[in-house]
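Marked as compositional bias 'Polar residues' by TrEMBL: 856-869. Residues or ranges marked as domain 'Cadherin' in TrEMBL: 29-135, 136-244, 245-352, 353-457, 458-567, 582-679. Taken from TrEMBL, the feature region 'Disordered' applies to 856-883. Residues or ranges marked as transmembrane segment by TrEMBL: 692-717.
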Amino acid sequence: MDLRGSKRRLGGIWQVTCLALVVCVLDLVWAQIRYSIPEELEHGAFVGNIAEDLGLDVERLSARRFRIVSGAKKQYLEVNLENGILFVNEVIDREELCEQSLSCSFHLQVVIENPLELYRVEVEILDVNDNSPSFPWSEFNLDISESAVPGSRFPLESAQDLDVGSNSLRSYLLSVNEHFVLDIQTRSDGSKFAELVLESPLDREQQNTHQMVLTAVDGGSPERSGTAQINITVLDANDNAPVFDQSFYRVRLVENAPKGTVVIKLNASDLDEGPNADITYSFSGHAPIKVRELFSVDSRTGEIRVKGVVDYEKARMHEIYVQAKDKGPSAVAVHCKVLVNILDVNDNLPEVILTSVSTPVQEDAPPGTVIAVISVMDKDSGENGNVDCEIPHHVPFQLHSSFKNYYTLVTCDFLDRETVPEYNITLTARDMGAPPLFTRKTILVQVSDMNDNTPRFKQPSYTVYLTENNAPGASIYSVTALDPDSDQNAYLSYSILEGDIQGMPVSTYVSINSDNGNIYALRSFDHEQLRNFQILVQAQDAGFPPLRTNVTVNVFILDQNDNAPVIVAPLPQNGTAATEVVPRSVDAGYLVAKITATDADAGQNSRLFYQVLQANDPSLFSVALYTGEIRTIRRFVEKDPIRQMLVILVKDNGQPPLSATVSIILSVVDNVPESLPDFGDLTLSPQYRSNLTLYLIVSLGVISFTFLVAIIVLAAIKGYRDRHSIRRYNFFLSACCRFRSEESTTDVFKKSNLNVQITTGTKGSTNCVEANGNGPLSQPYCYKMCLTPESSTSDFMFLKSCSPMNATPQKNNAKGADYPKSGWSAQDSRSLIVNNGPTIPNELKQAKMDWTLTKNQRNSAHKSFSSMERTFPRRPRPDPDGFSCPVAPQYYTWGSHMRAEYKMSSQVEGIGGVGSVGSVGRVPNRSWTPSYTQPPSAQPPPDYQHNVYIPGTPSGYCTLKPAPRGELDVYNSFSTFGKNKRFISSYDPSFDQREDNLINNDLFK
């Protein structure tokens, strides 16, 4: 209990002392402070307020990660982060920590982050008198000859006190006796030993034994002591003692010397003879225990040899006390001292201690960021203890030395986790010894990811080929993007950017799986409605802030053979098969009609083939496989029926193929009658009536005014000839105005652009309008319209069509020669004609030779043809007056045999003159289709694109041959009106004499 109380008092005294020492220590270089505390303090004992001593904010100790790093095996001290007090964590035993060293201290490293600060704390352990002196043995036995002279000395075993300084062994005391006194001596290290000195001679006969008590006393307060019993036996005299060569020896020994190494060989001599001269060697009684563990003495030879491991770092020198005595009676022992100096050898590897490691480090950390704090040490001395550290040069890190044996590892360049995710930095600590020793330690530095990489698709763009009629909801493609980042920064989500496809949001067409990039079709696609479309797919990572990238996905809809061919011409009329007339006199190869079909599919799926599926007489007609032209195989004979039924099969080239059929009735006639078009079934949608009426009223008013002015001017100039022309025109008007439109005709005007001509008769009862085609059709069409008082405000009376005055004759080869392309060139004039004279033109002008159609003209021609074919039903009407105004889309130049036949028929029927309006010729009717050219027999079959009625492409290829003006035999046909009428005209020189009867004006353009 008294010992513990004394420790507490000492602890309080040392605490005050520590506070005084701190003030002095704070001014040291390297920011080092020093504390001194006594040993054996209990757990929790106060050492000092380290936060106050270092000038730190107590409230931020935890935030700055204040910590103590100790190189010792035990954590003797600890810091309370709440108040910054440094306290004892484990009881410190100075004797265990520093053994017999006079000064005892250990070092701590204080590490503070944010910003990084390093402090070195030295803690000195003060000795406490907690150990009593003790002797190796409790009794000492001495044999002393009675012949020993006064002054003889007898060394005694030294007492050992583990304490140091003033608490160590201070003195020896000897009990009271008559013969001996105690002489106390001090060694070089400050330790004391006692020698027994004979003060008065011994007399064995009076007293042969003596007993005394030897007491060892330390200098502590209170002092401690230890005792031993000395037993002295008085021997008979042996008057010569051994003598060493010298009483003090100095030798040097390299540390780590192998066991058995001879340190020194001692030699002692004795003048006696016999056993009294036989000397034995041994350690003196006061030789330290460590010396006895490290060395041994040969009792016969006096050699001192290495027994244990000699370590310079533990003790740099050793004192060996050796005695020698003879074997004679009453032998007297003599002593000598051997001082062994240990030489240092570079036998200790440098030690590397990682004080603080900040890992992982962010890849965007700036150069100079502290990664670790490193301390090194070497137990060797001199150059052997100087240590240098280095790291490889190929890593983006550097070592900075803050002060001796302390280093900081910092970044020297920017890091990129995607390039190197972690670094194994090999730290090499090498001393300056010869040879140098080194230690390697690997520091693992991990690099944490930052969202610094944009997702990247595997391809710059994607092309998807999707077959039409796909199943909705099925996956059509998958896009993949990569992000070299990690974790959330590499987690990608996919989306489709907003957009429109044919006016509908793209989200109604396709969708995408946000996790894996699979694209799904939300509907079944139709190649005929949508050939291709484009979407933008976006990939976005989950970093902060998120990064994204886009890629274009082009989707092409591939065609399937899901559309059967559609017959364009001929079309059934009122539920009955189309009818065509064939002159009986035609030769073999005569073009009777042409079947035109379309297929909404593409490629091979739209390539069409034609064949005769059923015929009354298979030997009479054939159909071209690729063009659909129906031609005669032979000439007609009397026994051939006059009505022939053909069923034509149109089949595409798809897999499986789809087909359609069309029936056509061919009537064999001697003469081809003309028929008038019937427009009774045309209706006008109610929503267009009011607008059309207004437009027509304004147009007719302007036209009437213009015509009136023109007529007045012509009347003033021409006079009689003009009146004659008006009378002939009125006669013609009475013949042509014989039908009234039964229904509205607004749809007709919507579908074609017409040049309207209004002609006023002499009586003013009937108004006739002549409309010339001025729309997308490639050939001009002229129509006669009559307005009667009985007509409504929005109805027209459509008359027979009038042939244009400008045409170029072409040649019709019944054997399959060249056929002209349907249509006129873009340079054809569209003229409004006011005819005040005869209906026969004064001049038949030759068309220009430029027959090349542009793409827009070909598209326009197809559209106009298709719309006309569907709009005007075929209704033949009788022609009682024998007049006809056929519409001629194109003109053909006949061969000589056809012109001869035409002239013969004209004479038989009593036709007045060449070029008469009422002439009727026996010519083929191609009114169901635009004319196509039959390729020469030597050429291969045309490409399927020439065999399919495709808008925007030529319907055939041919060479147009203009005929001389004197041989103009014109065959006129139209694909919509007057299918059973024919108009044949030839050039008459008398036409040139009536040039003044024509007035050209362009309207409705």
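Cβ coordinates are placed from backbone N, Cα and C, and glycine is handled just like the others.
Caution: TrEMBL annotation is automatic and unverified by curators.
Note on the domain 'Cadherin' (582-679): DSSP counts are 4 helix, 45 strand, 49 coil. Looking only at the domain 'Cadherin' (458-567), the predicted model's pLDDT averages out at 93. Each residue of the domain 'Cadherin' (29-135) gets a DSSP state, and the totals for helix, strand and coil are 15 helix, 42 strand, 50 coil.
The residues of the domain 'Cadherin' (245-352), classed with DSSP into helix (H, G, I), strand (E, B) and coil, number 10 helix, 47 strand, 51 coil.
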